[in-house]
Amino acid sequence: MLIWLVELADHFQFFNLFRYITFRTGAALFTSALIVFLFGPAMIASLRIRQGKGQPIRADGPQTHFKKAGTPTMGGLMILAGIVVSSLLWADLSSIYVVSTLLVTLGFGAIGFYDDYLKVTKQSDKGFSGKARLGIEFVIASIAVFFMMQAALSAGAAGSTFGSSVTFPFFKDLMLNLGYFFVLFGGFVIVGAGNSVNLTDGLDGLAIVPVMIASAAFGLIAYLAGNAVFANYLQIHFVPGTGELAVILGAVIGAGLGFLWFNAPPAAIFMGDTGSLALGGLIGTVAVATKHEIVMVIIGGLFVMETLSVIIQVFWFKRTGHRVFLMAPIHHHFEKKGWTESQVVIRFWIIAVILAMVGLSTLKLR
């Protein structure tokens, strides 16, 4: 919204700064962090009163988790407030990529909010029907992908079929045109990203820091992919307009820093599905927009690992009656093996940093 002040630059030279994505990204980060810091305490107090017993604790979980009983959830509301308000202020709202990303973020956040509401009111870990939830997520994601695909096709970026194509790391010219099946592929990527972050969010601070790390990595990717000069130098595909997504990702980092202040152990609040689904969906949408869906598997490798541990556990148990892990997702497995919560969290953060660096290295290895 504030980018429109550039029109006043002839009279007020300061407004020239609003042209630059880097300036607006930094401003979005600061704004979202400030929003969460200022309104976080009041929101936590309100949620604690309204929820009473807070988020239900799994009966079969690690014994150390029972001391967390009574901690309020739905902290994703403060994260979403920071991201959305900051993005509305600093991002270019005429960009279909910005609008699509905010659509997914708010849509997934609403689904997560309803899921959290059911869990809190029923005091059960069984919330929204899994099939119904996935179906609605897929519809929202597919709509966003369709509009982003049309935008890329209309721009004629890197060829007339680029918008409907999948690109591959390490190969600068290799693309697979899926046609309108790309909508299904992109929808799957976004839904998968949302639910992967959701599965990771099981310990204080475990999900939010890797989300910020992935956001920083994809913020750089979005900026480079949206800049013709940098994209040509790195020999990555130029996607006009995606640079604006760096502003939203800056807002994610700021909101994440603000939330971590309250989510640091012992957590005063959990983000809940409200936050984890929204954040994962946001990152997935950026990956689709910038044509780095496969690179997301590397950068978000921690989330992939958590998801695979659940899939393997369920599949093997149904097939043999035995479990591969002591408990899934895998962060609980390490808790059961004797790791303290802080050891699991910090070691997983380290893994997230390493994977982000490996993912970013693919930009040059072509």
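Cβ coordinates are placed from backbone N, Cα and C, and glycine is handled just like the others.
These features come from Swiss-Prot:
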type	residues	note
TRANSMEM	27-47	transmembrane segment
TRANSMEM	71-91	transmembrane segment
TRANSMEM	93-113	transmembrane segment
TRANSMEM	138-158	transmembrane segment
TRANSMEM	174-194	transmembrane segment
TRANSMEM	205-225	transmembrane segment
TRANSMEM	245-265	transmembrane segment
TRANSMEM	268-288	transmembrane segment
TRANSMEM	297-317	transmembrane segment
TRANSMEM	343-363	transmembrane segment
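Stretch with the largest number of CB pairs closer than 8 A to the transmembrane segment (27-47), among 205-225, 245-265, 297-317: 245-265. Looking at 138-158, 174-194, 205-225, 343-363, the range that has the most CB pairs within less than 8 A of the transmembrane segment (93-113) turns out to be 138-158. The recorded stretches the transmembrane segment (71-91) and the transmembrane segment (174-194) do not share 3+ CB pairs below 8 A when only pairs 6 or more apart in sequence are counted, and are therefore not in contact.
Among the recorded stretches 174-194, 205-225, 245-265, 297-317, the one sharing the largest number of Cβ pairs closer than 8 Å with the transmembrane segment (343-363) is 205-225. Across the candidate stretches 205-225, 245-265, 268-288, 297-317, the maximum count of CB pairs under 8 A to the transmembrane segment (138-158) is reached by 268-288. A Cβ distance under 8 Å defines the sequence-distant neighbours of the transmembrane segment (205-225), meaning residues of its chain 6+ beyond its ends; these are 21-22, 25, 197, 231, 234, 236-239, 242-246, 249-250, 252-253, 256-257, 259-260, 263-265, 267, 271, 275-276, 279-280, 283, 286-287, 289-292, 295-296, 299-300, 302-303, 331, 344-345, 348-349, 352-353, 356, 359-360, 363.
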